[in-house]
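Worksheet for the structure shown next.
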Amino acid sequence: ARVVLGCWSVLSQAAQTDDEERAGNRRPIWIMGHMVNAIGQIDEFVNLGANSIETDVSFDDNANPEYTYHGIPCDCGRNCKKYENFNDFLKGLRSATTPGNSKYQEKLVLVVFDLKTGSLYDNQANDAGKKLAKNLLQHYWNNGNNGGRAYIVLSIPDLNHYPLIKGFKDQLTKDGHPELMDKVGHDFSGNDDIGDVGKAYKKAGITGHIWQSDGITNCLPRGLSRVNAAVANRDSANGFINKVYYWTVDKRSTTRDALDAGVDGIMTNYPDVITDVLNEAAYKKKFRVATYDDNPWVTFKK
């Protein structure tokens, strides 16, 4: 009997270790489909393994979000000109992220809006935030009535445009849905000094829900020194960053380097490449693809 019990205890320990590896001890990873600007591309990227997408948002002269459009130049090997009217895209996105909808994609849990605010004057940033919130509330969140469930990151390229965040928040509050800010996170995407990014969040009055991007077009190489600085901030007791993502990663070797550096998200034109690396024995033990149950605003503690 003792022998049997001995085996049983070894087996249960092994099972426990498996469970821990399956969830708690593995870093959840967001595979972020890059430049998903046409509704048809949502399914295309998710079916290749993306659990997150990045969508460009261009503005008109009055700071209204207008198109999901990148334009030329863009990443090597991509069509830069695909687009939708912003509100049409939001409706398509809502279908893809609303349980019960025939177009529902359960795996799609995070959307990064790459806000092309470079066309705006600095004093239009607050207004752009308000108008963005109005559009999302109506066409994505369905005025708070069983809308899309994905978490949203507002990615701003210019630190001077931090008032966009306040405009966005104020508008949701004014329209009676401040609780939707629970679903909203932030990113400054200009590769600025990490200290300067921290100062911009202080001015904006933001703590928490912070993703930090680092990267460059896939046409050019870029080292990991700033990623390492962002990860160090995230992992320090007094850091302000919750998650770090790296863009645009299309090669297996770069994917491994980024994972080894400890990123939480990898933006890519080829989600299947990232998926393949995550399935390699060395990485399967340490990482897993994030699901809806993984709160993207919570810092993962090793």
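Heads up, the Cβ atoms here are built off N, Cα and C, so glycines get one too.
Some features that Swiss-Prot has for this protein:
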ACT_SITE  His34  active site
ACT_SITE  His70  active site, nucleophile
BINDING   Glu54, Asp56, Asp114  Mg(2+) binding site
DISULFID  Cys74-Cys80  disulfide bond
DISULFID  Cys76-Cys219  disulfide bond
SIGNAL    1-14  signal peptide
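Figure note: comparing Cβ neighbours within 10 Å for the disulfide-bonded residues Cys76, Cys80, Cys219, the maximum is reached by Cys80. Cβ crowding, taken as the number of other Cβ atoms within 10 Å, peaks at His34 among the active-site residues His34, His70. Other than the site residues Glu54, Asp56, Asp114, same-chain residues with C-beta atoms no more than 8 angstroms from the centre of those residues' C-beta atoms, the Mg(2+) site, are His34, Met35, Val36, Asn37, Thr55, Val57, His70, Val112, Phe113, Lys116, Ser155.
Using a 10 angstroms CA-CA radius around the residue listed as 'active site', none of the recorded positions in His70, Cys76, Cys80, Cys219 qualify.
Here the candidates are the recorded positions His70, Cys74, Cys76, Cys80, Cys219, and by Cα distance the one nearest Asp56 (Mg(2+) binding site) turns out to be His70. The subset of recorded positions (Glu54, His70, Asp114) lying with their Cα within 10 Å of the Cα of Cys80 (disulfide bond) consists of His70, given in sequence order.
With respect to their backbone Cα atoms, Cys219 (disulfide bond) and the residue listed as 'active site, nucleophile' stand 16 Å from each other. In this structure the alpha carbons, written CA, of Cys76 (disulfide bond) and Asp114 (Mg(2+) binding site) are 18 Å apart.
Cα to Cα, Cys74 (disulfide bond) and Asp114 (Mg(2+) binding site) are separated by 13 Å. With respect to their backbone Cα atoms, Glu54 (Mg(2+) binding site) and His70 (active site, nucleophile) stand 11 Å from each other. Each residue contributes its Cα atom, and for Asp114 (Mg(2+) binding site) and His70 (active site, nucleophile) these two points are 9 Å apart. Shown are the binding-site residues Glu54, Asp56; the one with the most C-beta atoms within 10 angstroms of its own C-beta is Glu54.
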